[in-house]
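Input: a single structure, listed below in structure tokens.
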Amino acid sequence: MEGANLSAVTEFVFTGFPQLQDGGLLYFFPLLFIYAFVVVGNLLIFFAVRMDARLHNPMYNFISTFSFLEVWYTTATIPKMLSNLVSEKRTISMTGCLLQMYFFHSLGNTEGALLTVMAIDRYVAICNPLRYLTIMTPRLCAQLSAGSCIFGLLILLPEIVWISTLPFCGPNQIHQIFCDFTPLLRLACTDASVILVQDVIHALAILITGLIISLSYIRIVTVILGIPSAEGRKKAFSTCATHIAVFLLFFGSVALMYLRFSATYTPFWDAAIALTFSVLAPFFNPIIYSLRNKDMKDAIKKLLCPQKVFNVPGR
């Protein structure tokens, strides 16, 4: 009988969504627009960089990789959110929950590793410009991008495999809008101390990564302020401003979500912070990378209107 109870929970129910009669459809269309914008905007950046030879340098290659990851990062959660907003049955299977959690956090870890690489790239470019091209070779850039992806995809596998072995024999309601570690572990019939251990491990990873990136940018800003010419300072700041903005947006939302330990929020604020972390941060990234960068805007225009490139006067 006990074994039957331990295997009773085979699916989970999300409770963080409004009911259809409470305006679920009103949330559906804005979320659908945001998801379409994130996918189209990031794919435009990705293909613009790949197809414009002027952008074939380490900085833009890292940006294009980050944009490509953003597409899959949002796809791990938002389609299921959209489905839950228009469905009476807001459930997900055990396997589906583990897969969603794995891909969402693996891609998030990959993005964090890539942001670290991008900070190091800007550090070399600003603090050691004469050796930049000899240090950041195409081969090294490819290795760093691939290493970030491999790290992100492998680092969480042991934790996901461990969670898959836990017994779930009690309530099956996930008080969140997607599968996440703490809400899921609270449903497991096991010692609650594992939640604290898991929180500490994740917090240390976030703090160490954030510290490395912060120190890199502090050093970069210090060097930029020492540039004698105002024009030189402006140009140096312009190349780093977008990276700093994306870093603050990404790690700011991560900190709100995961650096709270035992602090609890109301269901409304829990859902709001989760939306900021999983939806709004990816929404602003294409805007930040395209609107503040003339070369990127020109490459996107060239991608969208190729006929103008070949429209030579006099022909």
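Quick reminder: no glycine exception, Cβ is built from N, Cα and C everywhere.
Predicted automatically and left uncurated, TrEMBL annotations should be read as such.
Here is what TrEMBL records for this protein:
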type: DOMAIN; residues: 41-289; note: domain 'G-protein coupled receptors family 1 profile'
type: TRANSMEM; residues: 25-49; note: transmembrane segment
type: TRANSMEM; residues: 140-163; note: transmembrane segment
type: TRANSMEM; residues: 200-225; note: transmembrane segment
type: TRANSMEM; residues: 237-259; note: transmembrane segment
type: TRANSMEM; residues: 271-291; note: transmembrane segment
Legend entry - Beyond the flanks of the transmembrane segment (140-163) by at least 6 residues, Cβ under 8 Å: 58, 61-62, 65, 69, 98, 101-102, 105-114, 116-117, 121, 181, 184-185, 188, 198
Legend entry - Positions whose Cβ lies under 8 angstroms from the transmembrane segment (200-225), at least six residues beyond its ends: 109, 112-113, 115-116, 119-120, 122-123, 126-127, 181, 233, 236-237, 240, 243-244, 247, 251, 254-255, 258-259, 261
Legend entry - For the transmembrane segment (25-49), distant same-chain residues with Cβ under 8 A (at least six beyond the ends): 18, 55-56, 60-61, 63-64, 67-68, 70-71, 74-75, 78-79, 81-82, 85-86, 279-280, 282-283, 285-287, 289-290, 296, 299-300, 302-304
Inset, instruction - Report, as numbers and ranges, which residues of the same chain sit near the transmembrane segment (237-259): CB under 8 Å and 6 or more residues beyond its ends. - result: 59, 66, 108, 111-112, 115, 118-119, 122, 125-126, 199, 202-203, 206-207, 209-210, 213, 217, 220-221, 224, 273-274, 276-277, 280-281, 284-285, 288-289, 292-293
Legend entry - For the domain 'G-protein coupled receptors family 1 profile' (41-289), mean pLDDT (0 to 100): 86
